[in-house]
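Peer 1: Pasting a structure below so you can have a look.
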Amino acid sequence: MDTEAESSTAFNAVEISGTIDPSRVVSDLMWLTEQCEQRCMFECVKWASEQLNHLPSEHFQTFESLNSDERQTDGNSLERTIFGRQQRLRPSECFLSNVEQMTSLEAFLYYFSWYLLSVRNRVENEADDLDRNDEFQNSELTNLRTEMEAAKLSRPEFFDCFLNYLLGTVRKESGADDLAIQTFTEAIQMDNRCWPAWESLSTLVDGFYSVKIEREAYSCTWLYTLFVAETMFRLQLYLCAIEAYTAVAKHIGASPYILCQIAAAHSELQEHDSAINSFARIRKIDPYRIEQMHFYSDSLYIRQNSVELSTLAKWFYASHKFHWETCCIVANYYSARNMHEQAQEFLKRAIKLCPTNASIWVLLGHEYLETKNHQLAATAYKRATEIDSLCYRGWYGLGQLYEILKQSTTALYYYQKAHKCRPADSRILIALGVIFSKIERKSDAEKCFKKAFQIGDVEGNALTHLAKLYDEQGNYQNAAKAYEAYLTLYTEELVGDLSLIAEACRFLARHNLELGDLDTSYAYAQRCLNYDLSKEEGQRILRLIMSKRKEDQEEKLARSVGTPRQQNVSSMRTPIDAPRPIGGGDETLQTPLNGRKEVNLAPSDAATNSDDEMNTNSDDDDLEISF
């Protein structure tokens, strides 16, 4: 996907949202609340009511009440009452014979009860055995799809936006994603206030061009900006999602829903401190809000904030005991205490409550991996990728699993799948680099480590992996540069694993000792003493440095003592040390008294000969004298 194009889509959505009339927002939310309440879509009613409750007061001051459509209560009061008591079978059984005479609203309640019944059957059957590999064949859903499609063909005018939304949902559950997109689009075209259709469509679009098509057709509503935000979040374009959510907040206020989505995006970006602060703010506004709080527990778990995690788990276990989010929070609490069996039990409970959530399956796979139950871990990870093909954590978990099993080729395949889902994640790039190194693809490993550092090293270990790779290749100079850069950029406060700093100091102490740079080696050896992993090696290197310095001092002392003695001897020459005539003639050494001007006493070339050559010459040989 083109990141620049995707970013421009978010920017365009922000521009569109700036032209929305505040009274239109109030009107849309009130209409949505009324229509969804009539159709017993309680989750949507809850969402719309929350947004209305947190709208700025100025929105209501500019809002002019419009005459709403008269509610149809005579023919569906019984169905709505039954829905409220969670009795899904009775609407479908009671009104089966009257489907031809039903209104659109009554037909929706009939088909919706049928759909919820099929979902309940699937969930109950999947909950019986979480570890099985075969899929449950839902005949109820198949029959429902057949009947709804036949009804639409025979009475197309009968299908309003909500019936099209429901048909799209049934097609989506049946695996017919293309037909589902078509049906959701038709529902939005009928009435762009139908937020459930927007929300479902956001789970199916797979890139920028799908979003662009929707923008060209349906950009006249503020719900489009919210649709873009939801889509960007699902496509893991979290920075764009944060920008779009911020734009939506200008129209519906800083509701807990918007704040939660932004905080969850920060958590996914590994900005856990920002996420924790945002979630803490949300809990002050609405302490009983359970939605998205599992992201809060994830950030607390990663930051090892056990006190806050314990408080969060106890609070929601008391107030929302049977919510899947609570089960995930409690599972994180037990996992942080290394009680992995208990964590597994709560995650299984969460899956029974929400079996289509890929993140729960990933967490369960992690817990199975902690207890070395590799087969069940693989099953959980694969189930997560089946639910959501963009679930990079599922692919990454499979890569880790097969790397542990020393199946490097298979691990590489799954790491590459994770990389396609999230190409700018440094953790995945580092995992790829490690695998490339194991299968002797050193150049590819080097590229992965460098790119991981360039895009922003989340865990701060890209440079250490790169240094180790250079060290294995014998490229000690580049290894030293990588370690030096690592120690410059990362301090103990920023690094969770101090063994990385210890390893860097140990290598640099050895390397500089071999180069003869004793001062630099001494500095790194002193740092080695701060860590248990490198303390012994640091002491050894310090002893070597002291020994080397002692030898150097002795050598310098010897040179300083020997040099003046030689100078004194040469300056105190005696006549016997002077050069003698060579050749055996009767010539005598000329002096100033004999009229000679100068005698050159510098040693001639013959003086550099070996001792044997010098012994062959007699004292009477010729002596070269220059004037």
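Any Cβ shown, glycine's included, is placed from N, Cα and C.
Automated prediction, rather than curation, is the source of TrEMBL annotations.
This is the feature table in TrEMBL:
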- 103-238: domain 'Cdc23' (DOMAIN)
- 358-391: repeat 'TPR' (REPEAT)
- 392-425: repeat 'TPR' (REPEAT)
- 460-493: repeat 'TPR' (REPEAT)
- 553-627: region 'Disordered' (REGION)
- 563-573: compositional bias 'Polar residues' (COMPBIAS)
- 610-627: compositional bias 'Acidic residues' (COMPBIAS)
Peer 1: Checking distant contacts: for the repeat 'TPR' (358-391), what same-chain residues at least six beyond its ends satisfy Cβ-Cβ under 8 A?
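Peer 2: Answer is 131, 133, 234-236, 294, 324, 328, 331-332, 335, 340-341, 343-344, 347-348, 350-351, 397-398, 400-401, 404-405, 417, 421.
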Peer 1: Please list, for the repeat 'TPR' (460-493), how many residues fall into helix, strand and coil according to DSSP.
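Peer 2: Helix/strand/coil tally for the repeat 'TPR' (460-493): 25 helix, 0 strand, 9 coil.
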Peer 1: For the repeat 'TPR' (460-493), could you work out the same-chain residues 6 or more beyond its ends whose Cβ comes under 8 Å from its Cβ atoms?
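Peer 2: Those are 426, 429-430, 433-434, 437, 442, 445-446, 449-450, 452-453, 500-501, 503-505, 507-508, 511-512, in sequence order.
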Peer 1: Take the repeat 'TPR' (358-391) and count its residues per DSSP category (helix H/G/I, strand E/B, coil), listing them in that order.
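Peer 2: Counting residues per DSSP class in the repeat 'TPR' (358-391), I get 27 helix, 0 strand, 7 coil.
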Peer 1: Give the mean pLDDT for the repeat 'TPR' (358-391) on the 0 to 100 scale.
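Peer 2: A mean pLDDT of 94 is what the predicted model shows over the repeat 'TPR' (358-391).
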